Amino acid sequence: MEFGARRALRFLLLLLLPVPGAAGAGPVALPLVINTWAFRKATETAWYTLQSGGSELDAVERGCAQCEIDQCDGSVGFGGSPDEHGETTLDAMIMDGDTMEVGAVADLRRIKNAIGVARKVIQHTKHTLLVGESASLFAESMGFPCEDLTTQNSLSIYLKWLYQSCQPNYWKNVIPDASKSCGPYKQAKQLNSEEWINSQKRINIHNHDTIGMIVIGGSGHVAVGTSTNGAVHKIQGRVGDSPIAGAGAYADSTTGGAAATGDGDIMMRFLPSYQAVEYMRTGTDPTTACQKVISRIQKYVPYFFGAVICANTTGSYGAACNKVPGFTQFHFMVYSPLLNQPFEQVVDCI
């Protein structure tokens with residue numbers, strides 16, 4: 001093909017691609033990799049895993065693991081989001097849309113590769129979710145090295161929080177007053193509903209940047225996964241939406257996949273990823289499916305921080321987010337055969 005003709009073809013393809021600010025895209029060539037936030041290297045790793053012959057589950061595992069290694073945004077992997085005792089713990093989940101098998105770990109300690117451990121739960125157990133110290137012991141039995149997840153960065157975050165009288169935190173209806181001082185806390189004699197309502201308006205938009213990834217192979221097989229170190233300064237033992245199937249992510253190879261990011265304590269109550277896939281099953285396009293699950297949560301919690309990505313087995317994809325102060329647009333990554341590199345998309349929040 002002549003050089004001029006190649007340039008013309010390239011220009012035509014670019015015209016067909018979604019542009020930043022667009023809500024989503026129509027059918028594109030498969031395979032497809034899409035993940036939350038501008039985590040480009042994770043997208044590349046998942047894509048090249050597929051291109052080298054890896055399965056969709058391989059691509060999800062290695063893509064999310066790349067974010068664990070890179071400590072994406074401080075909210076994935078070791079050395080970030082210390083809990084109220086200064087410890088970093090990890091949550092992860094992986095799901096096979098062909099078999100509907102799920103492997104997940106939560107409150108994982110001393111193990112850096114959380115998504116890898118989640119994959120082992122599928123491969124070597126009949127269970128779905130392992131938690132806490134027992135999950136760590138399982139990981140060690142599977143050959144994962146035991147390592148310290150604390151870094152100078154996570155320690156400094158924790159010490160600064162202590163210096164600020166443990167503000168903000170996740171306690172309510174306790175004494176001493178959790179809005180003014182550190183614990184240990186005891187339950188207050190009377191419950192204060194106004195305190196809960198006000199707490200919902202205090203949003204930290206840099207506190208929940210989970211990686212959620214959807215991979216759809218060339219033949220339409222779907223896999224999804226998540227990995228996070230959870231909410232910074234969380235109460236010890238807290239588990240968010242990320243390792244919960246249907247909340248953090250969901251896959252069904254007859255339909256598509258979805259993944260969520262944001263305030264997991266709110267979003268997990270609505271199973272947004274499962275609901276989005278069910279909307280797509282009935283013929284709803286991915287962008288509208290994402291918008292509908294965000295709108296449903298808005299009715300109950302207008303101030304929540306969150307976003308959802310959706311993709312169906314035709315290769316169509318979309319995203320939606322809830323508009324709150326400081327968060328009016330959501331960035332996510334896409335890779336398909338029409339692109340020679342990962343493409344960062346931006347969607348306006350609703």
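Using N, Cα and C of the backbone, Cβ positions are placed for all residues, glycine too.
TrEMBL does not curate its annotations; it predicts them automatically.
Residues within less than 8 Å, Cβ to Cβ, of Thr210 (active site, nucleophile) and separated from it by at least 6 positions along the same chain comprise Thr36, Ser75, Val76, Thr226, Ser227, Thr228, Gly240, Ser242, Gly248, Ala260, Thr261, Gly262, Gly264. Residues annotated as active site, nucleophile in TrEMBL: Thr210.
Residues within less than 8 Å, Cβ to Cβ, of Asp241 (substrate binding site) and separated from it by at least 6 positions along the same chain comprise Ala247, Gly248, Ala260, Gly264, Asp265, Met267, Met268. Positions annotated as substrate binding site by TrEMBL: Arg238, Val239, Gly240, Asp241, Thr261, Gly262, Asp263, Gly264.
TrEMBL lists 1-24 with the feature signal peptide.
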(request) Would you mind pulling the longest C-alpha to C-alpha span across Arg238, Val239, Gly240, Asp241, Thr261, Gly262, Asp263, Gly264, which the record has binding substrate, in angstrom? (result) 16
(message) Please give me the CB contact count at 10 A for Gly262 (substrate binding site), counting all chains in the structure.
(response) 30
